[in-house]
Amino acid sequence: MKLYDTFSAAKRVFDPIDSACVKIYACGPTVYDLAHIGNARSAVVYDVLFRLLRELYPEVIYVRNITDVDDKIINAAAETGQNIGDFTERYIRYFHEDMDALNCLSPTVEPRATAEIDTMLQLISRLVESGHAYVKGGSVYFSISSHRHYGRLSGRKIDEMISGNRVSIDAEKLHPGDFVLWKPATEQDIKLGAAWESPWGGGRPGWHIECSAMSYRYLGESFDIHGGGADLMFPHHENELAQNMCAFSGSEYARYWVHNGFLTVNAGEKMSKSLGNVITVRGLRNSGIEGAVIRYVFLCTHYRKPLDWNEKAIFDAQSALSKMRRSCEEFTSEELNSDIEAVGVHNMLLEALKDDMNTPMAIAALHALVGEINKTTDFKERLKLARVLNRSAKLMGITDGFAGKSAEEAVDVDKIQELLERRREARNGGNYSLADEIRDQLHSMGIVIKDDKDGVTRWSRA
């Protein structure tokens, strides 16, 4: 398996720290609003990676955090008059419902920032004691100048940090690029339940220390893969990396850094509230677009490439999914899904996913399977191929198992083959009356037959 590693700017063979247990961390939602399709794309990307790793390794621990305290949450909660716990609970529930609709597996662990304050305080204390952080006016700042490797992940130099995203100029800072680890609580913070005691006074954590603490708590000082959107590379991931490398001498933090590309709408337009073009998963679902279609649109573009969301992409996804489902509809659910985990995944699909999660190539393999199913005349061979399609689509999360027909609609394949053989013999012997009777008998059983030009008779359920 190969993954593109942002840190080394190259596709690398995946070599986990411990092949018996692969560990992955992905940045999750900040729960102050409904999940939009940019959030959803990232979730689907790392869900596919989680599924693939589970296919290849005996154990996988996937941690995806929930940021349930930050400036946006506090401001939004203040507008409603709720404390941050009550306010975020609703959006966490909505997020989980959306993820279920997209068929994203639950992560192994889903920590909330507000439940991990003690670990954050522990890390901040280590950074202060080691000289990588300093206290000014009740705030604690990380000193980027203290970390000689700062900027290597995003390819930036310390002198350029002042122009970086989310970097504010503050007279308290020793360097404009220094970032806050702990900030003093305001009256509003206290009122909304967004303040905790610390050695530096009442306050709340900075954004970056939250992920450092949660990854450390559940995955240790070093782990295999850190994932997130390309927009998080700087400053968030750069700062996470600096914090953990400085808190734990000798730690590499994450062995591989994986970033999914940006998402635009309607021919390259950036989503923003000011433009009024933010598309939420819930909004799409309420308009009748099923989660499988949303997921399929994401998978049609390689995760590292920009993705443009538009009506044509939705239509194409709906059409493609319909073709897959139709290729399996003659079989019962039991035929398609019984002991499905024992069915091998399509080799071309698996190899595509192992090559830096090449989902477009994997989808092409699925449609090649659909073509084989549709041109195969033998029922048992079609069923065999359909089960491979079902298993392979399940690996990608496109389905949890194609539905097929109910058990009551099952047919006796051996009986059908016997009747088809009798009909062939009747036709060859010129007994067309008997051949027609057998055709009618098959029709009464719900079986439609078609005689091809080459003399092969195909059958399917009506």
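Along the chain as shown, the residues are counted starting at 1.
The backbone N, Cα and C atoms fix where each Cβ goes, glycine too.
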Co-listed Zn(2+)-binding residue [Swiss-Prot; alongside Cys27, His236, Glu240] among Cys211, Cys246, Cys300: Cys211
Given ranges 29-39, 84-94, 161-171, 381-391, the stretch to which Swiss-Prot attaches the annotation motif ''HIGH' region': 29-39
Swiss-Prot annotation of motif ''KMSKS' region' - which of the ranges 110-114, 270-274, 420-424, 440-444 it falls on: 270-274
Local backbone state of Cys211 (Zn(2+) binding site), from DSSP in three classes: helix
Residue among binding-site residues His236, Lys273 with least C-beta crowding, 10 angstrom cut-off: Lys273
Most crowded position, judged by CB atoms within 10 A, among Cys27, Cys211 as binding-site residues: Cys211
Separation of alpha carbons, Cys27 (Zn(2+) binding site) and Lys273 (ATP binding site) (Å): 22
Glu240 (Zn(2+) binding site) CB neighbourhood, other CB atoms within 10 A: 26
Cβ-centroid neighbourhood (8 Å) of the Zn(2+) site, Cys27, Cys211, His236, Glu240 excluded: Trp207, His208, Glu210, Ser212, His226, Gly228, Leu232, His237, Asn239
Secondary structure composition of the motif ''KMSKS' region' (270-274) [DSSP: H/G/I, E/B, coil]: 0 helix, 1 strand, 4 coil
